[in-house]
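Asker: Below is one structure. I have some questions about it.
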Amino acid sequence: MPDVRDALAVRPLVLDGGLGTWLEDAGHDLTGDLWSARVLAEEPHVMRAAHASFARAGADILTTGSYQIGFDNLATAGFDRGEIEHLLALSVRVARDGAADAGRSAWVAASVGPYGATRADGSEYTGDYGLGVAELARWHRRRLEVLAAAAPDLLAVETIASPVEAEAVARAVEGVGIPSWIALSAASTAFTETSLRDTLVAVSRTPGVIAVGVNCCPPEAVAPALADRAAAPFVVYPNSGERWDAAARGWTGERGLPLADVDAWLAAGARIVGGCCRTTPHDIATLRARIA
């Protein structure tokens with residue numbers, strides 16, 4: 001595979017969709033604290049099949065199932081340090097194997113979720129962790145170094161929920177030696193529309209960061225986030241157009257990515273486009289056809 005940075009200079013790249021969504025649609029229960037990490041640990045062949053499905057759909061970049069893997073939460077679940085490091089490395093290998101199963105070349109992006117994702121208490125939607133920049137940077141750096149040693153093509157630092165954590169991950173990725181993107185959660189209550197854009201511009205100047213943007217947000221939240229030009233291209237992967245109805249405990253609205261918005265995202269500087277929660281290989285195949 002060529003360097004992903006060279007590819008970005010030539011054309012937009014298609015990212016995969018909701019890995020957890022694929023697993024749930026395949027009948028796997030992700031309600032536990034470890035989410036998709038449990039599937040990776042117990043049934044890596046299932047995770048491999050998920051990656052293969054997105055590769056067959058035309059994804060240029062596959063994100064690993066490491067989003068919720070942290071040393072703290074997995075230790076609480078009974079894993080020792082060696083097992084956690086093995087699981088992080090396994091996530092990269094399984095994604096590569098999935099691409100090979102599909103007969104396609106794809107870049108592998110090692111997923112690094114926010115601090116709150118490992119707490120499984122909803123704090124990833126507020127960024128209210130009670131920790132400072134230095135503490136969060138140290139916490140993230142441990143995972144980043146293990147994932148980097150597994151030789152992914154890039155690091156996907158995603159769903160970052162506050163300006164404080166964004167500064168922390170920017171510090172943490174610097175010097176790791178793997179190209180990275182940083183995607184913020186436009187749905188987080190810690191961001192205003194203005195502070196979100198300001199934070200994107202700030203972290204885009206980090207050495208080694210090749211893209212910045214937003215993920216895990218309503219599709220309509222994407223365009224406002226791209227209003228200010230950053231020092232790096234944009235990466236965008238919103239959720240489907242559905243909304244969660246807490247009273248009915250179900251999703252409402254039309255499922256799928258709003259393809260009519262994709263052209264505007266590309267015009268605003270997006271060079272990596274995909275989907276997050278509730279997006280499927282079908283959505284990615286449709287997106288692939290749109291920006292081929």
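Along the chain as shown, residues are numbered 1 onward.
Keep in mind that glycine also has a Cβ here, set from the backbone N, Cα and C atoms.
TrEMBL does not curate its annotations; it predicts them automatically.
Taken from TrEMBL, the feature domain 'Hcy-binding' covers 1-291. Marked as Zn(2+) binding site by TrEMBL: C216, C276, C277.
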Asker: What are the other residues, in sequence order, whose C-beta lies within 8 angstroms of the center of the C-beta atoms of C216, C276, C277 at the Zn(2+) site?
Answerer: G18, T159, N215, C217, Y237, P238, N239, G275, R278, T279
Asker: Enter the number of other CB atoms within 10 angstroms of the CB of C276 (Zn(2+) binding site).
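Answerer: 27, counting other Cβ atoms within 10 Å of C276 (Zn(2+) binding site).
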Asker: I'd like to know the mean pLDDT over the domain 'Hcy-binding' (1-291).
Answerer: 94
Asker: Within 10 Å of each Cβ, count the other Cβ atoms, then let me know which of the binding-site residues C216, C277 comes out lowest.
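Answerer: Fewest other Cβ atoms within 10 Å, among the binding-site residues C216, C277, is found for C277.
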